Amino acid sequence: MNVQRSLVLIKPDGLQRDLLGEVIGRFERKGLKIVGLKLIRLTESMLDEHYAHLADKPFFASIKEFMMQTPVVGIVFEGIDAIEAIRKLIGSTNPRQADAGTIRADLAMNVPSNLVHASDSVENATVEVKRFFKDEELFQYEKITDRYVFGEGV
Ligand code: IDP
Ligand code: MG
């Protein structure tokens, strides 16, 4: 059973548009377990690391400014193959091209404010969880629904 942890950030547009519950609810209903959850005030140095792969893009400064407009909600989810499952739930980067039924397709209309960030690989998930959460902010616990959600692990 390939249990993974993945980092999700709900961006300032999610907070401003009162979509925190809607977004978190979609992950909850899927069966992803919340093992860390908090508001985070992002700093420029955190964003320089987090968006390092975009440093040479013309929109780099504006995306960092956008991400600092309000606190973001940071969540660490746990589940079988959670990284890929979450990327499927959020949809592709451009909300207008994302598959219907995904968070970005259903709730957003433009690329910078596409509501959520989610880790895209095992390597990035490990680094990103560590970037935003201390060990003591992450929890391990049993839920009575685990047997239904995890089943035999397939
Ligand atoms: P992802 O969030 O789907 O993984 P990335 O390519 O990692 O997409 O880009 C990170 C974030 O940067 C996107 O979610 C989006 O908010 C922003 N972004 C990506 N491309 C553009 C662009 O062309 N213009 C403005 N913002 C962009
Ligand atoms: Mg990305």
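Using N, Cα and C of the backbone, Cβ positions are placed for all residues, glycine too.
No curator has checked TrEMBL annotations; they are predicted automatically.
For His117, the entry in TrEMBL reads active site, pros-phosphohistidine intermediate. The secondary structure of His117 (active site, pros-phosphohistidine intermediate), as reduced to three states from DSSP, is extended strand. Around His117 (active site, pros-phosphohistidine intermediate), the C-beta neighbours below 8 angstroms that are at least 6 residues distant in the chain are Leu7, Val8, Leu9, Lys11, His50.
Taking Cβ-Cβ distances under 8 Å and a sequence gap of 6 or more within the same chain, the neighbours of Arg104 (ATP binding site) are Ile90, Gly91, Ser92, Thr93, Asn94, Pro95, Ala98, Asn114, Leu115, Val116. Annotation source TrEMBL lists ATP binding site at Lys11, Phe59, Arg87, Thr93, Arg104, Asn114.
A mean pLDDT of 98 is what the model gives for the domain 'Nucleoside diphosphate kinase-like' (3-140). Feature annotation from TrEMBL assigns domain 'Nucleoside diphosphate kinase-like' to 3-140.
In three-state terms derived from DSSP, Arg104 (ATP binding site) belongs to a helical segment.
With a CB cut-off of under 6 A applied against ligand 1, the binding-site residues Phe59, Thr93, Arg104 are reduced to Phe59, Thr93. Arg87 (ATP binding site) falls within a helix when secondary structure is assigned with DSSP.
DSSP gives Lys11 (ATP binding site) a coil state; it is part of no helix or strand. In sequence order, Ala118, Asp120 are the residues of the chain that are 6 or more apart from Arg87 (ATP binding site) and have a CB within less than 8 Å of its CB.
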